[in-house]
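To keep things clear, I will list the structure first and then write my remarks on it.
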Amino acid sequence: MISDTVIAILAVALVGSTVQAAPVDATATSTSGIIAVPISKSAAQLAREADPVVSLDWLKKTKAQAQYKHKQANARLHSKRATGASVLTDQGSESLWTGPITIGGQSFTVDWDTGSSDLWVPSSACSSAACNAHHKYTLTSTGKKQSGTFSISYGDGSSASGPVYKDNVVASGLQATSQVFGAVTSESSSFSSDPSDGISGLGWPALAQLSGTSYFWSLINQGTVTSPVFSFRLATTNSELYLGGINSAHYTGAITYTPVTQKAYWTIALGGVSVNGAAINPSVSSAIIDTGTTLVYGPTAGVAALYAKIPGSASMADTYGSDYQGYYTFPCSAVPTVALTFGGSSFSVPTSAFNLGTVSSGSKQCVGGIVGQGDGSWLVGDVFLQGVYSIYDVGNARVGFAKTV
C-alpha cells in the first residue's frame, strides 16, 4: 500500500449547550474556523502493511490486553455500583487511534478510547526509559496537585501510576477547565514503544478510576460543546474524532441509533450476526463499542458458530496451541462478508479489516479479526468500526452507526 500524507479537517466552534441539546451536524458550523492539518501513518503501521504476515506475538498480546482491560474496569464498576474535530493517526499494530491535546499548554498525543474513562500522561517527575520516550507534564500556573494517586495495569503485565492533578485540557480549541488527570511517575518499560503519550477515555463516568469527570463530560458540564455528542471516523486515512456533533462529510445515508443499556461502557443491544448472508446464533445479544480495542471479540460459542459457516476455516489452537484459543484461520482467497445488526440495520465488517494477514509466510490461510473469548458481551473494536461512522450521544444515551465515506 502506498504511504500518503493524510489531510484531516479540524472544525472548532465554542458554543454553549445543555446536556439535552440535539446533535449538531458539522455543516451547521461552517462559519467556525477550519484548519487543515497534515498527519502521517506510524512506522508500525507502514511496516505492517509492507508485510502481510500477521505477528503471532501480536495476536497473543492484543487478546490479553482486551481481556484484562475490561476485567479490571468491571471490577471497579461493581465496587462502585461548540464542536471540534481532532485529527487521529492510525497506529496500526499498536492498536491505537491517537490525536493531539494540550494540558496546561503542553502538547501530548493520546489514545482516544471509548472503553475507558480516565485521562493520563507521563509526569516530568518520571525518569524511566518509558517516560523519557514521551512528552511529560510539568505543573503550570493553571495546574494544581490533588490528593490521592492514580494506578492502572494492563493484560501484558505493564502498569503506570502517579499523582493526580487538575489543569486546563484542550483538544481542537475546546478547553475543559480544571480537568482531572493522572500524571504518571512510574511506567513500565513496555510503554517505551507506544506511539501515544497517554490515554483519554471517552467512556461513561461509572468506569472512571479518577474522581471527577472525564474530558468530554467536562466540556458538556462547562457548556463548551455545541451538543453532548462525539463521533468517530476510523480508517487508514482521514481518521477523525469530532467533538460536539456529527460531521456529515464522513457518512452517507441514514443513521441507525441503538439505546445504551448500561451507562458505563458504551453497551448496546446486538440484533444479530451473519456470515455471507447466513444468520448465526451470536450466543449473547449485547455489545460493548470500544475504539480502544483493535479486534472484535465474541462469546466462544457465538464465534465458533460464525467460523463454522466459513468453508475451510480452522481453529488456530489446534495447530499453534492454547495461547491462540479463539483465533481462527480461513482461506485467503475467500474472505467472508461478516455483518453485525444494530437497531434493525446490518453493517458489514470491511474485508480488509477482517483479514489480519496470512498465518505464516507463503501460507494460503489468513487470520480472522473476530475472536472467541469467554461468554460475556461482544466487544466490538476497530475491525468493525472502520466500516462505519460511529456516533456517541451522551444526552440521549445512545450509539449511532451510518455507512462511512
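Yeah, the Cβs are placed from backbone N, Cα and C, and that goes for glycine too.
Swiss-Prot records a disulfide bond between CYS131 and CYS126, which is the match among CYS126, CYS332. Put simply, ASP113 (active site) is 20 Å from CYS131 (disulfide bond) when counted between their Cα atoms. Using a 10 angstroms CA-CA radius around ASP113 (active site), the recorded positions that qualify from CYS126, ASP290, CYS332, CYS366 are ASP290. Residues within less than 8 Å, Cβ to Cβ, of ASP290 (active site) and separated from it by at least 6 positions along the same chain comprise ASP113, THR114, GLY115, TYR265, TRP266, LEU379, VAL380, GLY381. When secondary structure is read from DSSP and collapsed to three states, CYS131 (disulfide bond) falls in the helix class. Packing around ASP113 (active site) is summarised by its Cβ count: 22 other Cβ atoms lie within 10 angstroms of its Cβ, all protein chains included.
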